[in-house]
Amino acid sequence: MPKKLFIRTYGCQMNVYDSARMADVLAPLGYAPAASPEEADMVIVNTCHIRERASEKTFSELGRLRDIKEEKDGKVILAVAGCVAQAEGAEIMARAPFVDIVLGPQTYHRLPEMVARAERGAAVAKVGWKAQPGLGILDTEFPIESKFDHLPAPDTVHGVTAFLAIQEGCDKFCTFCVVPYTRGAEFSRPADKILEEARRLVALGARELTLLGQNVNAYHGEGPDGSTWTLAKLSYALADIPGLERIRYTTSHPRDMGDDLIAAHGALPQLMPFLHLPVQSGSDRILQMMNRQHTGDDYRRIVDKLKAVRPDLALSSDFIVGFPGESDVDFAATMRLVRDITFPQAFSFKYSPRPGTPASLSDHQLPEELKDARLAELNDLLRAQNAAFNRESVGRVLPVLFERPGKHDGQMMGRSPYLQPVHVQGGLDLVGSIRMVRIDREHAYSLTGSFYDESAEASSLSSPQPRVTA
Ligand code: SAH
Ligand code: SF4
Ligand code: F3S
């Protein structure tokens, strides 16, 4: 009988990618996807350590899984993967002895071997599975070999968009952040491996690729010619792949926004005019304490340069409010930067002290109420900017990449260059195609539109000229 695997994923897009690759790695062992943990023979919890609340989810999820394991007399393999596993592997083993495998983000190519060992261990521990000290497997090494060299090529693409990891890890050490500790040092995959995977994903049906990395624009992989390639250089090569219509990348750092990458945004229509470029704060004092190594004005200059080559470019960002020592003046500087630049989309967080990070040791931690108040104020502004952007989209003509049927009969859902969901009346044959759509209405979380026929528009001079975005 085929075995079934359920993966619960928390955290960033890199974790979503990793979960898919763990499923790929286990497929040859006979594991097929399960719809719920209850019907699975193996459950992986892929965890996130970025903020306290994210981390806590691991242990509450493990509590639920223990009950399921109990109901099944222990006949399910439980694995904890990802960034909490990396940071607190030993603690998980101690606090949750019913967990069979704990593995970090850099060792999941070794999963088949760990699962084989766990399967043997589970057989031994059939009676009284709760007490199996020493049977648990912990692998949170940062191995010399790269997991990417040991992973099978992806063999399915769900839908028309796919993730592709090109870079991993971080050497920036922002003082609030755990990622350099959980993901390790910066590593860039060789360009030919990336191009090969991209061609494969396109052959499997992907029309849009999102290149992933914790510091994706710090990419400096080896090119086929032996030279070091930047993200710009890689983007040009990817843009040559027939059928690859859209390229996005995330998450980028302002310091690595090189001039060649900025120029690529002007030269490559495949590079979407929507960029996630986290600024975190608008106060130079706080940016310095965060060790971001750029100022608010540096960020403004980068945005100006990007908009000079791609005027329709829009930005998204992450913000942290309530960083230790953040004054009213500092917070006002963040609000000012948001007003100046405008972000159609953004993620904002209350500062969360993380174990092992320098900022968590500061004596100037702010009270929760103050962080709450600042977060609410910032969110009001960001919500208003998001609503304004969607409102201003009405009347525009945008290219929409169709993904799947919409909620209503006869409706298809696609995305604008700005990732806005757009609904249009149409059939399944639209999936995977890009069509020009005139946006007619905005709704709470989406837009509706109708196909825009350029020739018809040209002949009716009396109709108002819509703004067309290529
Ligand atoms: N590599 C990316 C971000 C990784 S984490 C970058 O450099 O921007 C995603 C976001 O989580 C960060 O941008 C930051 O806004 C937030 N974050 C990270 N650590 C945090 C902490 N300790 N408290 C609150 N938010 C945090
Ligand atoms: Fe964390 Fe900073 Fe690295 Fe981003 S750049 S992953 S915020 S340390
Ligand atoms: Fe979380 Fe690790 Fe991603 S801490 S945000 S899952 S890199």
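Just so it is clear, glycine is given a Cβ too, placed from its N, Cα and C backbone atoms.
Just so you know, TrEMBL annotations never went through curation; they're auto-generated.
These come from TrEMBL:
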- 3-120: domain 'MTTase N-terminal' (DOMAIN)
- Cys12, Cys48, Cys83: [4Fe-4S] cluster 1 binding site (BINDING)
- 156-388: domain 'Radical SAM core' (DOMAIN)
- Cys170, Cys174, Cys177: [4Fe-4S] cluster 2 binding site (BINDING)
- 391-453: domain 'TRAM' (DOMAIN)
Helix-strand-coil residue split for the domain 'MTTase N-terminal' (3-120), DSSP-based: 67 helix, 24 strand, 27 coil
Select one residue from Cys48, Cys83, Cys170, Cys174, Cys177: among these binding-site residues, choose the one with the most other Cβ atoms within 10 Å of its Cβ. Cys83
CB neighbours of Cys12 ([4Fe-4S] cluster 1 binding site) within 10 A? 19
For Cys48 ([4Fe-4S] cluster 1 binding site) and Cys177 ([4Fe-4S] cluster 2 binding site), what Cα-Cα distance in Å is obtained after rounding to a whole number? 12
CB < 6 Å to ligand 2, subset of binding-site residues Cys12, Cys48, Cys83, seq order -> none
What are the helix, strand and coil residue counts for the domain 'TRAM' (391-453) according to DSSP? 6 helix, 34 strand, 23 coil
Listed binding-site residues with Cβ under 6 Å from ligand 3, out of Cys12, Cys83, Cys174, Cys177: Cys12, Cys83
Residues near the [4Fe-4S] cluster 1 site, Cys12, Cys48, Cys83 excluded, by Cβ within 8 Å of the Cβ center? Tyr10, Gly11, Met14, Asn15, Thr47, His49, Ile50, Ala54, Gly82, Val179, Thr182
I'd like to know the mean pLDDT over the domain 'TRAM' (391-453). 95
Could you state the whole-number distance in Å separating the C-alpha atoms of Cys177 ([4Fe-4S] cluster 2 binding site) and Cys83 ([4Fe-4S] cluster 1 binding site)? 12
Please report the distance from the Cα of Cys174 ([4Fe-4S] cluster 2 binding site) to the Cα of Cys83 ([4Fe-4S] cluster 1 binding site), rounded to the nearest angstrom. 17
Excluding Cys170, Cys174, Cys177, which residues of the same chain place their Cβ within 8 Å of the centroid of the Cβ atoms of the recorded [4Fe-4S] cluster 2 site? Lys172, Phe173, Phe176, Val178, Val179, Pro180, Gln214
Whole-number Å value for how far Cys170 ([4Fe-4S] cluster 2 binding site) lies from Cys12 ([4Fe-4S] cluster 1 binding site) (Cα to Cα): 14
Just the number: how many Å between the Cα atoms of Cys170 ([4Fe-4S] cluster 2 binding site) and Cys83 ([4Fe-4S] cluster 1 binding site)? 13
